Each structure stands twice: as structure tokens, then as C-alpha cells.
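Heads up, the thing below is written out as C-alpha cells.
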Amino acid sequence: MVMGLGPLVLIFVLGLGVTPPTLAQDDSRYKHFLTQHYDAKPFGRNDRYCETMMKRRDLTSPCKDTNTFVHGNKGSIKDVCEDKNGKPYGKNFRISKSSFQVTTCKHVGGSPWPPCRYRATSGSRNIVIACENGLPVHFDESVFQQKAH
């Protein structure tokens, strides 16, 4: 009886280690989003911050024209993908119900090749993102929070 269960246990254990390709792809797009747009605890949030972060995140070959870093915690950003902190915006996007601290880095200077120079703009904004399977996968824009009149 024990020998009969051995192959089943082996198949079960091996099955636990296999990740369906769609889940692996979703996770990689989310990780790419975090690499490009997430920085929990920024330092400075000035031009030097932008130049350092853009280089550190490999966004300078060629120099990316504009990139925004969202500050705070990952859970709050994920919540934009749900009704907890987000609502539909346009055709395929979600806009945050609450504002986030963000730093937008804009490339200044002529050449699209390193060394890249960036100008920083920081502030509190609502973010617009695309989500797949409850995870942010694309940063679209940040907008000033509209106040009710």
C-alpha cells in the first residue's frame, strides 16, 4: 500500500514546484512595473535622485524620456487594482482614489545616450495604472487630485 502511494506523492510534490506560465508572466510584468516605478523610501527627490535612480534601474540606455517613481507601500499601489483604492478610468485603466507621493524624472539635454541628465518634479498625485490579475503592470500617468466643489 505504501509503495502504491509513492508515485502519487512524488507527482504531487513535483506539481507544487511547477508554476503555470501565465502566472510566471503576470508576476514578471508586476516585477518590471516595480523596477521601473516603485521606490518605497526615496532620498532627496531632486535632480540627483532622478539621475541616480534612472541609472540604478537601467533606464538610461538610451535615456528614458520620462519616468515616474511612486513612493509608499506596494500594498497601497496594488489596492488601486481593486475597488479598495481604485476606480475605472478610461478604457483599460484604474485611477487611485487616494493620492501618492511621486517623483517624475524628465530627461533634459540633447543626446539620448549616457550620461543622462534629469529634472525632478515631486508632489502628491493620483496615479493611473493598468492592472492584470489584480497586479499593476503599467504606469500611465499621475494627475492632481480633483477637489469636490
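Using the three backbone atoms N, Cα and C, a Cβ is placed for every residue, glycine included.
When the residues GLN25, GLN101 are compared with Swiss-Prot, the one annotated as pyrrolidone carboxylic acid is GLN25. According to Swiss-Prot, the cysteine that forms a disulfide bond with CYS81, out of CYS116, CYS131, is CYS131.
Between CYS50 and the candidates CYS63, CYS105, Swiss-Prot annotates a single disulfide bond, the one to CYS105. Looking at 35-39, 55-59, 85-89, the range tied to motif 'Nucleolar localization signal' in Swiss-Prot is 55-59.
Of all the recorded positions listed (CYS50, CYS63, CYS105, ILE127), CYS63 has the fewest other CB atoms within 10 A of its CB. For the motif 'Nucleolar localization signal' (55-59), the model's average pLDDT works out to 97. In sequence order, ASP39, PRO42, ASN67, THR68, PHE69, VAL70, HIS71, GLN101, VAL102, THR103, THR104, ALA120, THR121, SER122, SER142 are the residues of the same chain, not among ARG45, CYS105, ILE127, whose CB sits within 8 A of the CB centroid for the tRNA site.
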